[in-house]
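Q: So that we are looking at the same thing, I have put the structure below in structure tokens.
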């Protein structure tokens with residue numbers, strides 16, 4: 001596989017770990033790794049290569065690699081390293097909420113769409129998280145107001161509608177679905193809409 005194919009696959013599907021050979025036919029593997037990290041791809045990366053100098057190893061780890069394995073290698077060592085990376089990644093990403101190509105980390109208050117950071121206000125992110133936490137169930141406007149603004153805040157009558165409008169503008173029209181007379185539920189993000197029938 002080449003770098004362009006890897007980028008396309010990472011945008012289209014979710015993976016638990018990535019094995020990256022630095023000798024890609026169309027681009028240096030370190031360049032691809034730096035690009036992925038700049039786009040906030042958080043999956044663990046095991047660099048697999050014949051480049052055995054200390055400088056190469058340090059460069060790979062500094063570019064965003066989580067582990068480095070030299071060729072030739074024993075398959076048992078590869079399996080053990082992948083298992084360890086996956087376990088370590090699960091431990092640090094338990095707060096990450098994923099919905100199609102949309103990811104939100106409530107701890108760091110970062111939101112990503114297809115790996116690209118999206119700037120959301122604190123209230124927009126609270127609204128999005130409340131909808132994601134509902135897992136597709138309908139949430140009433142009053143419940144969302146309580147979550148986003150708290151019980152004590154005086155809220156303008158159209159404030160919730162403004163935040164929903166902003167989420168739709170930033171993440172796609174279908175991200176928040178209105179269920180007339182009942183409330184709202186999470187829909188699909190802009191990059192996921194083409195996958196729907």
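Including glycine, each Cβ sits where the backbone N, Cα and C put it.
What TrEMBL records for this protein is below:
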{"type": "DNA_BIND", "residues": "94-188", "note": "DNA-binding region"}
{"type": "DOMAIN", "residues": "1-86", "note": "domain 'Response regulatory'"}
{"type": "DOMAIN", "residues": "94-188", "note": "domain 'OmpR/PhoB-type'"}
{"type": "MOD_RES", "residues": "21", "note": "4-aspartylphosphate"}
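I would like each feature placed in context: is it buried or exposed, what are its neighbours, and how far apart are things?
A: There are 13 other CB atoms within 10 A of the CB of residue 21 (4-aspartylphosphate), with all protein chains counted.
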Q: Could you tell me the mean pLDDT over the DNA-binding region (94-188), as a whole number?
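A: The answer is 86, the mean pLDDT of the model over that range.
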